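Listed features, source TrEMBL:
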DOMAIN    40-221  domain 'UmuC'
BINDING   ASP44, ASP139  Mg(2+) binding site
SITE      TYR49  site 'Substrate discrimination'
ACT_SITE  GLU140  active site
Amino acid sequence: MDTVFLYSNAILSPRAPFLADSTDAPIGAMDDRAPVPRKIIHCDCDCFYASVEMRDDPGLRGRPLAVGGRPEQRGVIATCNYEARRFGVHSAMSSALAMRKCPDLLILPSAMEKYRIASRQIMAIYRDYTADVEPLSLDEAYLDVTHSSRCKGSATLMAEEIRARVRETVGVTVSAGVAPNKFIAKIASDWNKPDGLFVVRPHEVDAFVAALPVRKIFGVGKVTAAKLEKLGVATCSDLREWSLVDLHRLFGVFGKRLYELSRGIDHRTVKADRERKSISVETTYVTDLRTFDECAAEIGRLAGELDARIVRAGAAAAIRKLFVKVRFADFQRTTVECVADATHLPTFVALLEKGFARRNRPVRLLGVGVRLEEDDGQSTGQFLLFDDENAVGRPPTR
C-alpha cells in the first residue's frame, strides 16, 4: 500500500519523499494567469474477479487462483491472482496451458453478477469525488478531479482516500495513478502494482515520459515495437528524434499519436457519458474449424445473434463499420473491417475470407461485430487489417 512520487531527476526512484506542487494544490491557490493543469486519476482494481472470490472465501487466499473457462472446454483465463502469476499464468491464456504451468491452479467459473455488484459499489465511491468518471470496464476507470474540492483539492490525497474506502467497503484493492492526462495516469497506475499509488506531477512529465520504453505507448504492440527497434528506437526519448513528417510517412495516422505521446501530450478528456463503441458476438470452438467453408457456415448464426443484440441496444442507426475477428489455433488473431451502415451477411463472409487467408490455419474463435463510431485511427482503404496490438478494449487483467 505504497504511495509513490516521481521526480524528474530520479525517474526510477519509487520511494522519493513528498513535495507539494500544482497537481495537489487547491485550485484557488494557483496562478490565475496560467492554465490549470488537469488532475486525472486512473484506478485499476488488482486481479478484480479473483479478488472478489478471495474476499468471499478467505480460504482461497495464498493459493494459485484463476477465474475462467474449463480446460476441457477450451476455456480461457479471464484473470488470476498473483500467486498464479508466479507460475507464468496470465489473462487470455488458455486454461489448459495454465493448468500445465501450474497443476495446483484452481480455476473458478465467472460469477458476473457478483462482480457487477462490486463494480457498482466501487463506481459509487468514485462519484463521491467527481461526476467526471469514465468507466473502462468493471474494474477500471478514469476520474477527472481537476475541479473537485475534496481533500482540499489534492488529487493525491483523493486517490489515497478512494483506495482506502474501496478496500474497507468492497474488500478489494485498487492501484491508482495520478497525472495531468489519461495516457500518463494509466501508466502510473501500473507502476506500483498491486495495491499501490504512483504520482506524476506536471513538471515531471517530460523526464518521466522520455525514459519510458516505447512499448508503453498505447497501440504499440509487437509489430510496431519491432519496427521501431529496427529504427533504433527503444525509448520515448529516442522517438523524439524523429520528426512528425517522418513518423507519418512510416506509420500513417498513428505517427501523429507516436509523436504526441512520446512527448507526454494527450488531450483526451474524461468522458462521463462514454458511449458504447461496438457490439459483437463471438464463439470459441471446442474443435478447431479447419477450413474456410467450415468457418463460413458459422457466420450466419453469429450474424443473427449480432442483429438481435443490435436491436436490443437500439443501435441500428449508429452503425459505422462491420468487422470479423479470427483467432487461429496458434492464438494469433486478425481483425478485418470495412465501412458500412448496416449488417450484411455477404459482407461478413467477404471479411472472413480476407481474414482467414491471412494465415490459412485452423480457427479457434470467430467473432462478428459492428463499430458504432469512428475510432481514433482512419481508414486507408475499404478493407483494413489490424494486428493484435490495435484491438480495442480488454478484460480485467490486474
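Just so it is clear, glycine is given a Cβ too, placed from its N, Cα and C backbone atoms.
Those TrEMBL annotations? Automatic predictions, nothing curated.
If you count neighbouring Cβ atoms within 10 Å for each of the recorded positions ASP44, ASP139, GLU140, the highest count belongs to ASP139.
Taking CA atoms as the reference points, ASP139 (Mg(2+) binding site) and TYR49 (site 'Substrate discrimination') are 9 Å apart.
Its Cβ taken as reference, TYR49 (site 'Substrate discrimination') is surrounded by 30 other Cβ atoms within 10 Å in the chains shown.
Taking CA atoms as the reference points, TYR49 (site 'Substrate discrimination') and GLU140 (active site) are 12 Å apart. GLU140 (active site) sits 4 Å from ASP44 (Mg(2+) binding site), taking the CA atoms of both as reference points.
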